[in-house]
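Annotated features, as they stand in TrEMBL:
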SIGNAL    1-23  signal peptide
DOMAIN    23-316  domain 'Plant heme peroxidase family profile'
DISULFID  33-113  disulfide bond
SITE      60  site 'Transition state stabilizer'
ACT_SITE  64  active site, proton acceptor
BINDING   65, 68, 70, 72, 74, 86  Ca(2+) 1 binding site
DISULFID  66-71  disulfide bond
DISULFID  120-312  disulfide bond
BINDING   162  substrate binding site
BINDING   192  heme b binding site
BINDING   193, 237, 244  Ca(2+) 2 binding site
DISULFID  199-224  disulfide bond
């Protein structure tokens with residue numbers, strides 16, 4: 001009975017993804033505002049040139065947006081009497097960043113287009129792609145036509161955004177709930193080839209884990225004490241400003257920074273994928289692009305659903 005219910009749930013999720021994918025198109029703004037995408041690209045490149053870490057931050061915003069009730073820019077909404085802002089969720093508080101870059105992009109795109117026709121949700125999706133490309137990663141055709149939510153849920157964000165403390169079964173289940181499989185899990189986790197994590201997120205691993213290279217643990221402990229320094233940053237892999245396969249090499253050497261990173265190479269069902277991506281970078285790049293498109297289709301609002309926000313941080317009056 002339980003397995004039957006699970007199958008029905010998977011069918012519903014996949015049907016929802018298929019319906020959304022059908023209504024989104026890479027060419028959505030071709031006639032509405034052909035300068036929209038080039039404008040986003042220029043501003044993302046400028047932001048990443050100014051601060052390389054921003055590329056990872058913008059990619060993470062899109063990821064955290066899509067995992068909470070779909071790719072609808074709910075993560076951008078500020079708290080208000082009617083908005084339970086996702087910025088206050090455990091995974092985002094004092095951690096999610098890049099909001100000012102999205103604000104700048106939105107203002108410039110609306111100016112170029114002459115009116116608000118490009119959704120904040122689409123800006124997040126395109127900015128994520130352009131950030132990856134700016135740091136040497138693959139490109140892909142972002143499907144467009146999303147609309148913005150009029151609600152947010154900090155509670156749902158705390159439930160749905162995967163924790164850095166998750167083991168492999170929990171990660172597999174978390175991604176399955178979004179209609180994503182194990183290949184998507186490993187490919188998208190490869191996004192940790194860029195960016196940093198805070199001490200609070202990996203302290204338990206470097207002091208307590210047994211599946212960790214002792215020299216790596218010692219190195220990380222030097223800047224992440226047992227108490228204090230919660231927001232001190234450490235790179236997620238050895239080349240945190242370049243999109244490559246160093247992340248997967250680090251997992252094989254038991255040098256994954258987060259518990260959820262090392263869980264992907266721990267004698268489980270995803271070990272072979274980690275080795276494949278490590279040995280064949282082009283396979284990783286292709287799968288990452290494919291999984292980003294798939295993630296971008298999660299429960300997106302389209303057509304008459306939601307709205308096109310004038311200000312990404314608040315719902316239109």
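The backbone N, Cα and C atoms fix where each Cβ goes, glycine too.
Between the alpha carbons (Cα) of residue 244 (Ca(2+) 2 binding site) and residue 33 (disulfide bond) lies a span of roughly 33 Å. It is 26 Å from the Cα atom of residue 312 (disulfide bond) to that of residue 192 (heme b binding site). Sequence-distant contacts of residue 72 (Ca(2+) 1 binding site), defined by Cβ-Cβ distance under 8 angstroms and a gap of at least six in the same chain, are 65, 121, 146, 147, 148, 149, 299, 300, 301, 306. Looking at residue 120 (disulfide bond) and residue 192 (heme b binding site), their Cα atoms lie 24 Å from each other. Taking the C-alpha atom of residue 86 (Ca(2+) 1 binding site) as reference, the shortest distance to any of the disulfide-bonded residues 33, 71, 199 belongs to 71. Of all Cβ atoms in the shown protein chains, 18 besides its own fall within 10 Å of the Cβ of residue 33 (disulfide bond). A distance of 38 Å separates the Cα atom of residue 33 (disulfide bond) from that of residue 237 (Ca(2+) 2 binding site). Ranking the binding-site residues 65, 86, 237 by other CB atoms within 10 A of the CB puts 237 at the bottom. Within 8 Å of the Cβ centroid of the Ca(2+) 1 site, not counting the listed residues 65, 68, 70, 72, 74, 86, the chain contributes 64, 66, 67, 69, 71, 73, 75, 149, 152, 153, 157.
It is 14 Å from the Cα atom of the residue listed as 'heme b binding site' to that of the residue listed as 'active site, proton acceptor'.
Those residues of the chain, other than 193, 237, 244, with a C-beta within 8 angstroms of the mean position of the Ca(2+) 2 site C-beta atoms are 190, 192, 194, 236, 238, 239, 240, 242, 243, 245, 246, 247, 248, 250. The subset of binding-site residues (74, 162, 193, 237) lying with their Cα within 10 Å of the Cα of residue 66 (disulfide bond) consists of 74, given in sequence order.
A Cα-Cα distance of 30 Å separates residue 68 (Ca(2+) 1 binding site) from residue 224 (disulfide bond).
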